[in-house]
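Please read the structure below before turning to the comments.
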């Protein structure tokens, strides 16, 4: 009975000792190849001779359960499509088809659409400001004030919005944000016809509401995506953000020619209301609350140890004022602040002034100026997703998170700085558009630097950290947007201002590489 021949035969999976069945509400995984490879007949001979069939089957069952619940981490030994668990086994990574059709991609697609509307609503004024300035007799400096009024509201909301996101989750706060900014966009024509104060108030309301968009995006991605997929998820979401610029700058002149000066405001405002209805009915705040998610996808997301720590930290955290003093006492926080400030400075200067830049410098009409300005943002959307995939691959192949973030951020700052220097030397609209496309496209690599880093150094405070850095970024954007107008009036050229922006890019990249980290920072220790 105990002969070697008998021992070589595989034991039945069933065991005399009954194994507790899972509750109906618990989701179970199918038996994977890696699980099957751990059958008792694969145990080494030293342990094999000392185990009875009952104990061996019990151990097999225990190993299956442990594989399902232990945290996972990316395998760095090769480029295989698998993820190693802390027990040394492997958890199958989803295929491309499974990833594209997953519930988490549906969530990030809705986030991308919301960010597209977010940016389209704000850039409409970049196109409308030219005819508005002509009809009201505004100077370029005052046109900059009108455009920056959006940033006055945007300066107020990010910290409060980020705190609300940490407390109540991204789904609820995003729904309220899109509702309010769509209302502000829809009412802008009425405000413009009544008074300048009403117009500025609507632009401020737009900024206040849109201040919660990026913290909500970060919160939802941290809840729905494991760490090895977050860079590409951010890339997908921010691709929508950049396409919103392209859509707004391209469609606004067309809609104005067909429906009047205020046509784009009405169309984009109504689109936002429609998005809110779909968002509320078709998405869930967390994967475990989603009724359409498969058992495999739920386990795959929940097996991410980093996400488990986020849930644990949020369950422990009471609804109190965040520890701002401790947050601001750490250098990694200041790297996020400086990076966001520089990113916003360059982003809003280019976004607000490029249509006027092409009209003033190269004497092209408004429709062509909008097209030239839209091309770079389309490239930024493509480059952003490519950067996300590249960043995830680097981490999966064993490159440290810190080094990966530094490489991505360096490309996102040094690249645009060099391209802006080239833009000042361009002598034709086509050459200028090429340099602008390169500058904006390389900026997308920043999304896989500081924007993902927010989730890594303090996942429990990612919302409020995003709010703090966004406030600094908004202040920098106000200075840059208004300052560009006054600079052009005084000097008579954009070139000096572009060279100043390039210098700031290089300085911010140097600061990031000295002090940034991809590891978790302890913000809860006493000073």
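Note that Cβ sites are derived from N, Cα and C of the backbone, with glycine treated the same way.
Caution: TrEMBL annotation is automatic and unverified by curators.
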From 107-130, 299-322, the residue range that TrEMBL assigns the feature transmembrane segment: 107-130
Touch test for the transmembrane segment (198-221) and the transmembrane segment (142-165), at least 3 Cβ pairs under 8 Å: yes
The transmembrane segment (334-354) vs the transmembrane segment (432-452): 3 or more CB pairs under 8 Å: yes
Contact ranking winner - 107-130, 172-192, 407-426, 432-452, 464-488 against the transmembrane segment (374-395), Cβ under 8 Å: 432-452
Criterion met for the transmembrane segment (261-282) and the transmembrane segment (407-426) (at least three Cβ pairs under 8 Å): no
Leading contact stretch, 107-130, 142-165, 464-488 vs the transmembrane segment (494-515) - CB distance under 8 Å: 464-488
Model confidence over the domain 'Major facilitator superfamily (MFS) profile' (107-520), averaged pLDDT: 84
For the transmembrane segment (107-130): best-contacting stretch of 142-165, 172-192, 233-255, 407-426, 464-488, by Cβ pairs under 8 Å: 233-255
